[in-house]
Amino acid sequence: MASIESILTETRVFPPADAFARQANVSGMDGYEALCRQAESDYEGFWANLARQHIDWKKPFTRTLDESGAPFYKWFDDGELNVSYNCLDRHLASKGDKTALIFEADDGSVTQVTYKELHARVCQFANGLKSLGVEQGDRVIVYMPMSIEAVVAMQACARIGAIHSVVFGGFSAKSLFERIEDARAKVIVTADESLRGGKAVPLKHAVDEALAMGDTSCVERVVVYRRSGGDIAWGGRDLWWHELAQTQAETCEPVWVSAEHPLFILYTSGSTGKPKGVQHSTGGYLLGAMLSMLWVFDAKPDSDVYWCTADVGWITGHTYVAYGPLSLGMTEVIFEGIPTFPHAGRFWETVAKHKVTTFYTAPTAIRSLIKLGSDLPAQYDLSSLRLLGTVGEPINPEAWMWYQQVIGGGRCPVVDTWWQTETGSHMIAPLPGAVPTKPGSCTLPLPGIMAAITDEHGGPVEKGHGGFLVIQRPFPSQLRTLWGDPDRFRKTYFPEELGGKTYLAGDSAHRDDDGYFWIMGRIDDVLNVSGHRLGTMEIESALVANPRVAEAAVVGRPHEIKGEAVVAYVVLKGTRPVGEEAKKIVAELRDWVGKEIGPIAKPDEIRFGDNLPKTRSGKIMRRLLRAIAKGEEITQDVSTLENPAILDQLKEAVK
Ligand code: PRX
């Protein structure tokens, strides 16, 4: 595999610059190693000290880690706290007038709120939710555009102990319905429309459609934030955000919850058709968010202007937009639009405009901006930047180098952060003042994170050889369970083959002679398209739900910008279409998947066959399909195929 080979031959190493190391929160390899040693010699004491040092507890905890119900681990569980208090109230005395959020709207207009103002808005909205009968433990779906209000909605839920489940605004009504139904949500918070690249995306309309799809009697109210002023239908359960919030008191006593109280559920794709409701805790999650901000982003709350481009619909937007930066009292930019609207320099213009110091984005965005050339960033003053981060998918060394040199001017460390929805916060990433970086490697685990690579039985793997990426000890920010499905939680993440207590990440990786981790890709049927996780089974289920389709198989193919592209092999109920008819059906099926899941899941390519290649036992030969999608020579034995002629059909993409 070309990408893996090029990574294997990567030998460039970038030690931290002296000036950066001197001012860093963790300085030098000895600083990093000292923290790792503390964790190794007294694992619980290490985490307990950090939890006491960084979190304001209403009631201090006396128990650190409870492993008695493994793998259902508990951290700090007799302690009580509130995340919204930790993100807002505790900063009011010292930095009430400091800017908390700089909202950069799609059209470039800017709105800022201070900590005092954000606190007042969160309290008003929390009081509003309470007035609707939302209580501790109730689920609230947030289906919102990037906005100050989205952060307010999440923080307001945290304030009253309600469990939010944010659904990315790009997901379809059908996906939204499935999440409403699974979470049994009491309230939905949405907007009339979101604006992306000058286009309106109807959110309220999708909510109306979702609510008509089945039994949604659990939903008592739909709160609508007026973003665009576009036309929307109005029903009995609907009410305007401003009407709900503006008359409420600007203070609201936080609900103090156990550290183990669920803060949120976030649905993500797995290897079956049904998305998994990843459930996070309060105390352990907050600790992971804070430590990684300090360690990996080297956060300097008094001088940084931090910008993470992720949408709050993804885990990155939870930990590194809605919670992490606020828990440290930082100033952060939140961005509604897309990187290239209204012009291709939008990202760099925004960095210059707000004097951003810390910039965190996905490799797919970097790769698409590289295509536009290096002259573009050169037109903007990027000298405020001091640290760059990437997340979501492997970054190819060439893109890493461009990011480091053209955007970072060779002076900013690049932190490639490996983690997942399930881990809640960074797991493997360089501490930028300590760990030398290598383009394409996420480097070394954070202190206290016992990451390793094993074979399928949990045994060791020789250096340089690929294996399963695992985490061998429980850590505070890990998911606690899958909402309503503890069995699937145990089987997916703590399989018996690995002893039942080791966290299986679902990625393969190898380590080099310096112990550095190199992520190779997923080991399950999960694709990573533009940094978004998509289950092949999910897309297959969506395709076969179309009345024309008899069978479908979906695989990934390397893609220059998106990382992976979605290739679907489809058998129709009628005859195999060709020419114009094939084109028409491709367009129809792509739209269909867009409606079933969301536009991000639309296949890039659809190929039709009279059948799919299967083994004697009827299993689809996916490896063969992956090879065909890449245009590789077929070296596998295909003599057992019923109809080898279909391979020729499947080599043809509909143009
Ligand atoms: O395959 C890994 C890839 O993204 C997966 C997690 O996806 P998700 O839960 O949506 O979270 C994305 C944001 C944290 C992982 O299993 N991945 C994430 N970060 C990296 C990565 N692959 C390589 N390098 C990374 N830095």
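If you go along the chain as it appears here, the first residue is 1 and each next one adds 1.
Using the three backbone atoms N, Cα and C, a Cβ is placed for every residue, glycine included.
Automated prediction, rather than curation, is the source of TrEMBL annotations.
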Practice problem: According to TrEMBL, G392, E393, P394, D416, T417, W418, W419, Q420, T421, D507, R533 bind ATP; so which of R522, R548 is the extra one listed there? | Solution: R522
Quiz prompt | Annotated binding-site residues K199, T316, W419, filtered by Cβ under 6 Å to ligand 1 | solution = T316, W419
Self-check item: Rounded inter-Cα distance in Å - T417 (ATP binding site), K619 (N6-acetyllysine)
Solution: 36
Quiz item: Cα distance, S530 (CoA binding site) to R522 (ATP binding site), nearest Å?
Solution: 14
Quiz item: Are there residues of the same chain, six or more positions away from R196 (CoA binding site), whose CB falls under 8 angstroms from its CB, and which are they?
Solution: D106, P145, E336, G337, I338, F341
Practice problem: Among the binding-site residues G197, P394, point out the residue whose Cβ has the most other Cβ atoms within 10 Å, with all shown protein chains included in the count. | Solution: P394
Quiz item: Given the recorded positions G392, P394, V544, K619, which one's Cα is the least distant from that of G197 (CoA binding site)?
Solution: G392
Self-check item: Within 10 angstroms of G392 (ATP binding site), Cα basis - recorded positions out of T316, S530, V549, K619
Solution: T316, S530
Quiz item: Tell me, which recorded positions from G198, K199, P394, W419, S530, K619 are within 10 Å of V544 (Mg(2+) binding site) if we use the C-alpha atoms?
Solution: none
Quiz item: Under DSSP, the domain 'AMP-binding enzyme C-terminal' (538-619) has how many residues in helix, strand and coil?
Solution: 28 helix, 26 strand, 28 coil
